[in-house]
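To start, the structure itself, in structure tokens.
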């Protein structure tokens, strides 16, 4: 996977956590059988910045843990390159994930698992949204997404 990791925090995200995000997302991409040249980005921000995204794009004026911006989303969207014309030579950008580093530690502590498990959870959660999964559509969709999310994290080794 061609993954851009952007750190917009003041304190900086450790090299270890950059590598973890890259590794877990490559693992998730393999689980979904995505082409190796799939492109996406993960941007680390603070609470103020993610609140701005949440307010401007979702109409919710408070911080959140992760926001996903899929390139192709919903029934009204169309493929820029048709599925028939798609080749391994053409990279497909699936979108962007924004993660609040301020929330990762607090949620990990509250839920009783490691910072790494929470970080993995959030990026896999966002990644699944970029790939068309949506837990907000109903009980069946929620179960499908959360089961796949848990399976990916467990198989990777980030268990609760």
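Numbers here mean position along the shown chain, with the first residue as 1.
For all residues, glycine too, the Cβ spot is worked out from N, Cα and C.
What you are looking at is a predicted structure, and each value in this text was computed from that prediction instead of being measured.
The Zn(2+) binding site annotation in Swiss-Prot covers 125, 129, 135.
Each residue in 68, 126, 128, 133, 134, 145, 149 lies on the same chain as 125, 129, 135 and has a C-beta within 8 Å of the C-beta centroid of that Zn(2+) site, without being one of the site residues. Sequence-distant neighbours of residue 129 (Zn(2+) binding site) (same chain, six or more apart, CB under 8 Å from its CB) are 68, 70, listed in sequence order.
Neighbour counts of Cβ atoms within 10 Å were compared across the binding-site residues 125, 135; the minimum falls on 135.
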